[in-house]
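The feature domain 'SLC26A/SulP transporter' is assigned by TrEMBL to 50-442. As annotated by TrEMBL, transmembrane segment applies to 52-73, 79-97, 124-147, 200-220, 241-265, 385-404, 410-428, 440-471. Look at TrEMBL and you will find 488-575 tagged as domain 'STAS'.
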Amino acid sequence: MSTVQGNEGKKDTLPWLKQKASSKLTKKTLYKRIPVLGWAPKYDKAAAVGDILAGVTVGLMVIPQALAYSGIAGLPPQYGLYGSFIGAIVYIFFGSCKDVPMGPTAISALLTFQSIKGMGPEHAVLLCFFTGLVQFVMGIFGLGFLIDFISGPVSSGFTSAVALIILTSQVKDILGVHAPGSVFTEIWKNIFQDIHNTNAWDTCLGIACIIVLLVMRVVGQMKIGPSKGELSSFQKCFNKSLWLLATARNAIIVIVCGFIGYALYDGTSPLTLIGAVPAGLPSLQPPPFGGYNRIENNTEVHVPFVEMMANLSTGIIVTPLIGLLETIAICKAFSDGKPVDATQELIAIGLANIANSFVHAFPGAGALARAAVNNSSGVKTPLGGLYTGILVILALLFFTPFFYYIPKAALAAIIIAAVIFMVEVRVVKPMWRSKKSDLFLGVCTFVACLVLPLEVGILVGIGLNVLFILYHAARPKISIERLTTSRNTEYLMITPDRCLIFPSTDYVRNLVTKHSIRQGIPVVIDCSHIYGADYTAATVVETITKDFALRNQPLFFYNLKPSVSAVFEGLSPQDFVVYYDHDQLDDLLEKQNAKKTDTNNIV
C-alpha cells in the first residue's frame, strides 16, 4: 500500500519538477544569468578600443593600490596582486555592470584584517572562499534585498568610520612606528606610545607624497579652453594629458619613490621598504579546508578547519554583505537610471571571490574610485577587466624584483590620499535638515564602528535601523477630526496613515478607545491608507467592535480595502460595518439609532 502511494507521489512530483525546470531554464534566464552572451555577439572594434584603454588605465591604478591594500589587511604585499586578476576575469562572464572593476578594496582589506586578527594568510584565503560562497548562495536564492536593511545613514556612518580607521592604520607607516591594533582608539593609543621612534625619512617622504597626490588630483580636474563650444586639437590633447597624469598618479608615485628607495639602498636603507615580493603567479590550489600547520614556540601546531571557522566568526557574514554594498553602489552610480540586478551581482562577485580563493587572495569587491576611472576612460563592456588582469599578471611575472625598493610610506600616502575623500561630511547638513533621527542613526553607527570591531559596529547600526523601523511601524500617525454629516450629525473621524500589523494594534486600539469614550459620539475609522493587516489586527478589531456595541456607540469602517476586509472578517466580528460612500453615513446612523430604539423598547 505504502509502496503504491510512494510511486504515485513520485509520478506527481516529477511533472511538477519538470515544469519548474522548464520555466526557469529559458533563453531569457540564461542571458540574464550569463550576461556575456548578450553583449559578446555585438562586440566591435570601437568597444575593443574603449575596453583596452580603460583596462590598462585601471591596471595602472590597481597595482599600487593592491600592494597598499595588502598592508591594510595585515598580509604580505603580493596577496593584493593575487586578488586582482582571476576575479576580474571571472566577472567578465557573470557581471551585469561594465564599470565594476573587481579586486581588492580598502573596505574589504580592513574587514579582512579585523576578521583574521593577525592569524595569517590561510585565514584570509578561507575568508575569501566563504565570502564568495555566501554571496553566491544569496544570489541563487535571490537575497540581494538584504542590503535594503542597510540604510543611507548607516552606510554613510560606516563608510566614514572605515575611512578614518584606514587612515589611522596608515599613519604608523608615515611615521615609521610600530602600532598594532584593529580598533581606531587602540591604534592611536599604540601610535602615541611608540611615537618617540618616528623615522624622519619615512615621515618626510610620506607627507611629500600626500601633498603631490592631492595636487595631481586637482590638476586632473583642470581644463583649458571654453566650457561651452568646440575645443581645439591642442586643448583636447592637453586636457587629456592632464587627466591621464592625474589618473596614473599612484603609479607615478610608486615608480618615483621606488627609484628613490633604490638610490638610497646600500644593504640597508633609511626608508622602511616593503621588501621582497615573490616573483611569478601564485600556485593554483584549494583553500585550506583541512586546516593548516603553523609554528608556535619552535613547534609545529596543526590548526583544524573548525577552529579556523570559529576564528573568522561574524566576518563570514559581514564581509559578503559589505562587498555587495560596495558593488551595488557602483552599479547605481553608473546605471543611468536603469534598474540594478542585485541578485546577478551577488552571483558575479561570489564566483569571483571563490575563484580568487584558489589563487591565495583575500576578499574583494568593486572599488568606486577605480570604477569612476573605468567609466571616464570609456569602458564599453566588462571585458575591460581582462586587460587589467593581464597587466597585473605581467607585473607578477616581471616586475616583482623592483617592488622590493618601494617605501611603505609611499603606499601609505596613496591610501591616505584616497580614503580621505571617503569621509562623508557633505551628507551631515542635508541629513540634519531632512530628518534629524537619520543623522542620529548615522552618528551612532559611526561611533560604534570606531570604538568596536568593525563587523560589530555595522551590526549595531543595522540593529538600530531595524529598531527605528519597528518603532515607526508600532506608532503610526493618526489624525483625529470632529466632523458633521450632511444632516448635522456629529461624528469622530480617526485616520491611521499606514498598515495595521501586530506592533501597532494595541497603540491604535488604546487611542481609538480613549478618544471615543471622551467624545461620546459615533466614530468612523478611515481605512483609506490601510493596505495590509494581520491576525493580531483582526482580533483587535473584533474586540473594539464588541466594546462599542456594549456602549451602544456607533462604529463604522470607511473605505476598507477588500483584502484587508477579508482579514478582519475572518474572525466573524459582530457589528462590523463597512461603507464606501460618504452619503451612506447618515443612513447608517439612522439604522443604528432605530436598532437602539427597538432594543430599548424590548427592554
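Glycine is treated like the rest: Cβ placed from N, Cα and C.
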Cβ pairs under 8 Å only, please: of the recorded stretches 200-220, 410-428, 440-471, which one is richest in them relative to the transmembrane segment (52-73)? 410-428
Who are the long-range neighbours of the transmembrane segment (440-471) in its own chain, taking Cβ under 8 Å and residues 6 or more past its ends? 110-111, 114-115, 149-151, 153-154, 156-158, 160-162, 164-165, 182-185, 313-315, 317-319, 322, 427, 431, 503
Tally the residues of the domain 'STAS' (488-575) by DSSP class, grouping H, G and I as helix, E and B as strand, and everything else as coil. 39 helix, 17 strand, 32 coil
Sequence-remote contacts (6 or more beyond its ends) of the transmembrane segment (241-265), Cβ cut-off under 8 Å? 57, 60-61, 63-65, 67, 205, 209, 212-213, 216-217, 219-223, 271, 273, 373, 376-377, 402-403, 405-407, 409-411, 413-414
